[in-house]
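Below: one structure, written as structure tokens.
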Amino acid sequence: MRMVDRISRAPWIWSWFAAFLVWFATIMVTGGASTLGLSQAALTFAAFSIIVGIGQMFVITLGPGNIDLSVPATMTLAGTVALKLMDVDNAMILPGLITAILIGIAVGITNYALIKALRIPPIIATLSMSFIVQSAAIWTNRGLRIKPPSFLADFTTSTTLGVPNVSLVALVISVIAWFLLEKTIYGRWISAIGQSTPAARMAGIPVDGIRFITYVFCAVLASLAGYLLACFSGGAALNMGTEYLLMSIAVVVLGGTAVAGGDSNVPGIWGASLFMFLVVSMLNTYGLGAGFRLIMTGLIIISVIMLAGGRQPGAR
Amino acid sequence: MRRTVSADAIRLAIPALSLAILLGAVFWLQPRAMSYIGLNLLFNLAVPIALATIAQMLIMSVNDLDLAMGTFVSFVACVTATFLSEEPFFGVLILAGAVAVYAMLGVVIHLRNLPSIVVSLGMSFVWAGLAVLLLPAPGGQAPEWVRTVMTMKPPVAPMAIVASVVIAVVAHFIVMRSSLGVLIRGVGGNQRSVERAGWSVLAARAAAYALAGVFAVLAGISLVGLTTSADANIALRYTLLSIAGVILGGGEFIGGRISPIGAVIGALTLTLAGSFLSFLRISPDWQIGAQGAILIIVLALRLLLNRLENRDKRR
């Protein structure tokens, strides 16, 4: 009984429950014919939101006002530059990956430099930064669409034992993130900062250092997601990050992470990411047009937050 | 010498100064802009942005944030270009309904203690969907009277400037001078003390949201008046522009510290930044990036002036 009680109180259970419900409703319509295909597609597309969502979650955990709006631009720049560098050459995969990660680190460092040195609220600092990064991406891309190296293209689009490779990557990152968050002092520190920054500072936690690392971590995950997404979709496009701005925030909050900070969880990101993809595919299965699909998506997000939310008093 | 300038005036001085510097730079680059027509062209699109910024400011005054501003203004633009010009009665009804939805959002957010970011995120999908249903392809027609108002040529100063001043003054009186405005800002400052003083926080938040809805509706209508037709994606940039405008104008995310006049100045600065860049002949690739850089420079300037101010105070 205590086990059941504990699970029903876990903040992430709602997003998993909702994802399962939508998954079930979709396969019922198709008579179970598409079960495997739908599940694989959901895992594949959810993987990208999971990777950027985890980064965003770490930032949001830092407390009210902390958010990274440069995620889409970072994804686009990392994807474009990496593909241009690799230039369809399998031997260049590692340098490409390293370049993508270096771009993430650079964006993260600049983001935090703006926040700290100029005391700009994170939302505006990362927004201004995203304009500059997006411009850099436009400048390097110049409308060219370079194909990814064949090995990477195969890797990102195929499955291992029936599980899509990109979702395995997302799983590895999630386990690392969970370990960081739950088992290391770093994880305890970001939660402490999110609950009360002045208290954390007085307790001797290196607040600035931790916030700095977190913004860099988020940008690195975004650049990694951009790298994978560009390879998965057969080339980088300038608008490829756009939908991940709202998505990265939505999965964090639907996953049960407190918007006010200080309380986060990794499993919820998975449930919410699967849910966000499955809702769209369910509404597609029902043959609804783009307009109705958008309206339903919005109403479902609001219903989920109304059911699951309102538990944290003082949340923004 | 004793300083008699209030903190509010200083808060306003910095945005005004950055606008003046930017305007000076534009005039220096392109002296012909220093005319009635030139100013009108420079600030043409400022009116809808200023209205959307005031709307966002009202939401921010109760410590919330509206991520649906852009899609909502787009939706209103679509309603204006279709229903409001063909069947004005239904058009007005729909827009009134939209304002009611905004008030309801305030009520729901307050009662269920929901994060406004997520609720408005969800609503942004809803407004976008409704806009796509109304106008699947760009089109529609601006109502005649809206077009007339927006293209009016008042004496002395162009319409865009006159309208911005009117918006700033009206918003200033509502937010800074009326008792409702004080109540709304009080909720942002200290919700508990407003509650204990016997006011209804629920009503205040609902009023703030409804007022924001009204200003956002005006933003959508005025936008169509300028563009003559609408599109479901016409104003998506407004979400981020409106937030940036409030912050540039000296507003803050929490604590009910906002400034309507500053917000309008912030919106004008953002509009001008675009024109400034095209005068500089920067490659189109870097236009967006340079806009980000201007945002950073203005905020850095603000920090610098704040520091000087603090140093003076300490003396």
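Quick reminder: no glycine exception, Cβ is built from N, Cα and C everywhere.
What you see is a predicted model, and the numbers here were worked out from it, not measured in a lab.
When Cβ-Cβ distances below 8 Å are used as the criterion, the transmembrane segment (A:12-36) is approached by residues 42, 162, 254-256, 265, 267-268, 270-272, 274-275, 278-279, 281-282, 285-286, 300, 304, 307-308 of the same chain, each at least six residues removed from its ends. Residues annotated as transmembrane segment in TrEMBL: A:12-36 (among others).
According to TrEMBL, the transmembrane segment annotation covers A:42-62 (among others). Below 8 angstroms of C-beta separation, residues 23, 68, 71, 75, 122, 163-164, 166-167, 169-170, 173-174, 177, 181, 190-191, 193-194, 211, 214-215, 217-222, 224-225, 228-229, 232, 244, 247-249, 251-253, 255, 257, 259, 261-264, 266, 269-270, 272-274, 276-278, 281 of the same chain, each at least six residues beyond the ends of the transmembrane segment (A:42-62), sit close to that stretch.
Here the transmembrane segment (A:92-115) has Cβ contacts under 8 Å with residues 68, 70, 73-74, 77-79, 81-83, 85-86, 121-122, 125-126, 128-129, 133, 149, 151-152, 211-212, 215-224, 226-227 of the same chain, all six or more residues outside its ends. According to TrEMBL, the feature transmembrane segment maps to A:92-115 (among others).
The feature transmembrane segment is assigned by TrEMBL to A:122-141 (among others).
Taken from TrEMBL, the feature transmembrane segment applies to A:161-181 (among others).
The feature transmembrane segment is assigned by TrEMBL to A:212-238 (among others).
Residues annotated as transmembrane segment in TrEMBL: A:244-262 (among others).
According to TrEMBL, the transmembrane segment annotation covers A:269-286 (among others).
Taking Cβ pairs closer than 8 Å, the transmembrane segment (A:292-310) reaches residues 11, 14-15, 18, 250, 253-254, 256, 275, 279-280, 283-284 in its own chain, all 6 or more past its ends. If you look up TrEMBL, you'll see A:292-310 (among others) marked as transmembrane segment.
Tertiary neighbourhood of the transmembrane segment (A:212-238): same-chain residues 44, 47-48, 51-52, 54-56, 58-59, 61-62, 68, 70-71, 74-80, 82-83, 96-97, 100-101, 103-105, 107-109, 111-112, 115-116, 122, 134, 137-138, 141, 145-149, 152-153, 155-157, 166, 169, 173, 186, 190, 244, selected by CB-CB distance under 8 Å and a gap of 6+ residues from either end. If one looks beyond the transmembrane segment (A:244-262) by at least 6 residues along the same chain, the residues whose Cβ comes under 8 Å of a Cβ in the stretch are 10-15, 18, 48-50, 52-53, 55-57, 60-64, 66-69, 71-72, 75, 191-196, 222, 225, 268-273, 275-276, 301, 304-305, 308, 312, 314-316.
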